[in-house]
Amino acid sequence: MPAYLFLRRLRRSPAAFCGLVIITLLLLVALFAPWLAPLDPNWQDAAARLQGPGAQHWLGTDSYGRDLLSRLIYGARPALGLVALVTLITLPVGLLVGILSGYYGGWLERVLMRFTDVVMSMPRLILAFAFVAMLGPGLVNGALALALTTWPAYARQARSEIQRLRHSDYLAAAEMMGIRGWRLLVGHILPLCLPSAIVRLALDLAGIILAAAGLGFLGLGARPPMAEWGAMIADGMQVIFDQWWIAAAPGAVILIASLAFNLLGDGLRDVLEPQHD
């Protein structure tokens, strides 16, 4: 689908366009964080501990005297970076397993799908936490853990689509022209699976944002003193009854980010899968 046609259809859904605008703003904030943040996010001022929102600190300070607005701005970097890493791992692995299973079938399908079923049968979030606990805290380890528990859904979805299209005239014509092997899989089968996979990914990213915040909340996300939204909520929980804004600010940003991905996912489903309605 041409880009101009895609954007024109997306603009017909105000909610989806709003989600796209919010995500774009978050990306710009993460990209230009050094110029947007008023202070160093890791600079500690013991004299300014637990200050409320004011002219000097617009969102107040935490228990170490660090500026909350600056930490919120810099916190977009690990959050969106983790989302990007999970995407780069999940989509290729899930689509590869699903396409190979659906196209070749036989023993390869049985082996790959049984392994996929085993991974899907385990609680996703608990399994991700267990992986991070074994690998150790960190942004890359968190992305690996979430990706290892996310790809099976994409594999099963791609497999079902390939099985439905396996004997279609489109693929039969490609095979009659001598197109086989990886050239057929990548050039003709993969584009058939991408639209539904992209829609599912956009809807899943909201849950990935929440899972990433959960890892940070438990101290399994980005390493201190890097600003991370989940870790900021954990710091604010200790003083939530007196200095509620410390936990409320990152919580609101997480809510907005997850809502934006949900809105965008619904819009992409209407644009890329009009038959869904």
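Note that Cβ sites are derived from N, Cα and C of the backbone, with glycine treated the same way.
Automatic, uncurated: that is what TrEMBL annotation is.
TrEMBL has this to say about the protein:
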{"type": "TRANSMEM", "residues": "15-37", "note": "transmembrane segment"}
{"type": "DOMAIN", "residues": "76-265", "note": "domain 'ABC transmembrane type-1'"}
{"type": "TRANSMEM", "residues": "79-104", "note": "transmembrane segment"}
{"type": "TRANSMEM", "residues": "125-151", "note": "transmembrane segment"}
{"type": "TRANSMEM", "residues": "201-223", "note": "transmembrane segment"}
{"type": "TRANSMEM", "residues": "243-264", "note": "transmembrane segment"}
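Between the transmembrane segment (15-37) and the listed ranges 79-104, 125-151, 201-223, 243-264, the one holding the most Cβ pairs under 8 Å is 243-264.
Residues 78, 81-82, 85-86, 89-90, 93-94, 97, 119, 204, 208, 211-212, 214-215, 218-223 of the same chain sit 6 or more residues outside the transmembrane segment (125-151) yet have a Cβ under 8 Å from a Cβ within it.
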